[in-house]
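*Asks:* Supplied in structure tokens, the structure appears directly below.
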Amino acid sequence: MATASVAFKSREDHRKQIELEEARKAGLAPAEVDEDGKEINPHIPQYMSSAPWYLNSEKPSLKHQRKWKSDPNYTKSWYDRGAKIFQAEKYRKGACQNCGAMTHTAKACMDRPRKIGAKYTNMNIAPDEKIESFELDYDGKRDRWNGYDPSTYHRVIDLYEAKEDARKKYLKEQQLKKLEEKNNNEKGDDANSDGEEDEDDLRVDEAKVDESRQMDFAKVEKRVRTTGGGSTGTVRNLRIREDTAKYLLNLDVNSAHYDPKTRSMREDPLPDADPNDKFYLGDNQYRNSGQALEFKQLNIHSWEAFDKGQDMHMQAAPSQAELLYKSFQVAKEKLKSQTKDTIMDKYGNAATEDEIPMELLLGQSERQVEYDRAGRIIKGQEVILPKSKYEEDVHANNHTSVWGSYWKDHQWGYKCCQQIIRNSYCTGSAGIEAAEAALDLMKANIARKEATEESPKKVEEKRMASWGTDIPEDLELNEEALANALKKEDLSRREEKDERKRKYNVKYNNDVTPEEMEAYRMKRVHHEDPMKDFL
């Protein structure tokens, strides 16, 4: 068990140690220094910064985390390809039976198999190969480019350049050939049109030949290799990550503290430098700028919506939360604009150049305005031409004239069919003839009825009673009997409300006197009477 060799501490000392570590992490206290005078990052966990017990380390240090084993003398050299060391003149015992070299056997020989080997001919003895042995480290064994000679790639470049020169030469020959054909073929309009087409072809070929005349946005300035390997791009279209990391801007140990766990540097690493020349001002500078505020507002909105019962969570469904927040912002802006428009429509806009009415400035006006029964202004403002309150030049339901073009018996109608019912279907001249026939028939019936009657009956004159009923004029009522009838009517109505008080052997008198009839008429509720609630 690798534990740190620390002495026993009391509860108070342990609390102070914890507070000191928290202050070091927050940057309020200076960092701990090891035995070599180097600062120890306070964010390193204790199980990594504490030395094992068997090292007997009394001072804080990180030497136990560093590599203490010395590496062997690894080399990055590679085999000398095709190198020869010694060439014998005659066959040697143990050499290759095919070529005569001592460095390999006949089974591993890479030369052409001879019809009669060098062992028997003792001629054309091959030289011995240079045998090398390297001690490679872990990375050297897996380096796929180890031993590669970059100078050999010039042959590939020369091959592509030769192909490009041949292509340009061929295009130039084609261009000269078309120019000769153009000079030899000058025949009228057809020749002119052909010449224009040839000029277009020449322009295209010229663009292919001369790459220096390409557009500025497609100009190839420099070829760079991307991190993925194999793909290339232009300097204009490809961003090269040559910017310096923020923890390397200031190598002073007392400068802004960098937290490797969260990759944050809250303070400005170069506080004395020109702000125009700096691209990084510290994390605190960007916490309240850019999209950081939008993200903060999004979190606050998701919390408030969740507290109000909305199924919205920023960590569980971030896309849904962002979509709901955007819809909320749109609805909020729409409501705000509607409120603004409503207020401006009601009170006006003081920023406009329109003259403010006197009614709004003084609260009153001396201008006299007169209206007609239809609510139209007839006097008091600018002169208004008389205009019909009905829609003009609108012919509905097959009519050929507008409503109000016909007048009869104090009623408006349609002139085309003489109908006085609005929105009725037009019957034309047939409807006019039918109406006239019905009118003639009605007049004939009235005349026939008057002729058959010998003497008209006298209409009995009636007068309205006080409560709206018709009674004969010669009717005489007894005032005392009328008062008794009114009392009796009130008593009967009270008994009707509660029939349980009616006696079993009650007797009714069905004879109605004129006074009782008048009392009934006086007590009866008239629903059409506007004063019935005050009786």
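Cβ from N, Cα, C; glycine included.
According to Swiss-Prot, the protein carries these features:
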- 176-190: compositional bias 'Basic and acidic residues' (COMPBIAS)
- 191-203: compositional bias 'Acidic residues' (COMPBIAS)
- 489-501: compositional bias 'Basic and acidic residues' (COMPBIAS)
- S193: phosphoserine (MOD_RES)
- 21-44: region 'Disordered' (REGION)
- 176-204: region 'Disordered' (REGION)
- 489-508: region 'Disordered' (REGION)
- 486-493: motif 'Nuclear localization signal' (MOTIF)
- 96-109: zinc finger (ZN_FING)
*Asks:* May I ask for the residues of the chain that lie six or more residues beyond the zinc finger (96-109) and have a Cβ under 8 Å from a Cβ within it?
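*Replies:* Hits for the zinc finger (96-109): 88, 117-119, 124-129, 131.
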*Asks:* Just to confirm my parser: what is the rounded mean pLDDT across the motif 'Nuclear localization signal' (486-493)?
*Replies:* 81
*Asks:* Looking only at the region 'Disordered' (21-44), how are its residues distributed among DSSP helix, strand and coil?
*Replies:* 6 helix, 4 strand, 14 coil
*Asks:* Summarise the motif 'Nuclear localization signal' (486-493) as counts of helix, strand and coil residues per DSSP.
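*Replies:* Grouping H, G, I as helix and E, B as strand yields 8 helix, 0 strand, 0 coil.
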